[in-house]
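Accompanying notes for the structure given below.
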């Protein structure tokens, strides 16, 4: 049966000794030998039911006398502490073995698990999605006398939410009071509500709020209201968002704060309601006497840049400085991005130099935006210099940065430089993705550089990257039309190995090309490939 995988008191001595051996290996420092009593509570290991099973007495043949003597001697000198238990569970990769360790140490005389050991085993089980085992552990916790902290349940709620088990999120919240024996904190309430709202579980969120009002006499504060406002703004329902804020003011229980206004401003900007956003911004300052911070300003700067009003965004930055709020790297980067998207390289450089003059170190996003603007405006050498500057300032360029450079080199016709980068960068510790190769491969196909395209395809696939389906078909068609049957067959063979299935038109052109070059053997081999693929 499934329950037979648990540690029960009916295990023969040989099994007990094997478990002792496992513990001995895990500790690395001291040998660990435990004697399991024959009347203990144990929990199932891999496919546990949600209840705790009690072990029963069973008639087993006693172990040899020498074994008893050895283990009794060791038991007198060795004891697994809570700290050692935590270390053993954390180091064990197999959740089943971790649970066995958890059960074994509890068999020690006078040992009781505490909040830390329970939290650690639950974390291990949650990471492995052993949810039935979690239920069994939680059931056992209801009988414990030690003090538990709600952080255990915060962690479990997040794991259940990631697994789209939203009702279980609520169950974890409801389990807090019976096990922790205290009312959930505001942090726990807001976390639970936020997880439900972020997952768009509106009905469950409403059910949760009703539970708070009925059972905990909880009245929504600003933090809770902000979560609801964020939900409505995220869904583009600005009317409901403002209605929630209106009701909040009317209740006089809580009042909007800077976070509330920042959320509303973001919603208005995303809906391209920039005039309304500025009106709300002014109301926040003049009427509610709330001063914006760098994050609030960034919402407006981003909003105006995305709306194509970069000059207005720059005025907001100037207003920000004049009112004693020092812009940060995100404010400057947002404005630089705005100028770069409009190909206004000079203004972008001015913002960049202003930022560095204040001692603010540019980040990867800022450099990449400036490099992209250089590439788009035909200033490739400046882009390369900026890439070198990044390295000198110890600002690490990411894959996006190098893809921007590769695209710029291709547009400038510097294909050899692009190919050299693709060849060397991985050896310099730079991670490239499939888009890196596709950028250059597409360009080679468009320019008719088919020999180089075939070579790049081999390099790309040799490194485990598969070209885009449309790009692969395009390459096969171009090779066939150019009378390069051998190259086409070689490319097709590699592609088929990676699961590629060409379009019928590509097949027809390829077979026609082979026949035209009077290489019928290739044609027959190709037809065999076609039959195999169609059968698959």
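Keep in mind that glycine also has a Cβ here, set from the backbone N, Cα and C atoms.
Heads up, TrEMBL stuff is auto-annotated, nobody curated it.
Remember, predicted model here, so these are calculated numbers, not experimental data.
Per TrEMBL, the stretch carrying the note region 'Disordered' among 29-52, 53-76, 77-100 is 53-76.
Same-chain residues lying 6+ beyond the ends of the repeat 'PPR' (328-362) with a Cβ under 8 Å from its Cβ atoms: 294, 297-298, 301-302, 304-306, 308, 310, 313-314, 317, 320, 369-370, 372-374, 376-377, 379, 393, 395. For the repeat 'PPR' (398-432), DSSP puts the residue distribution at 27 helix, 0 strand, 8 coil.
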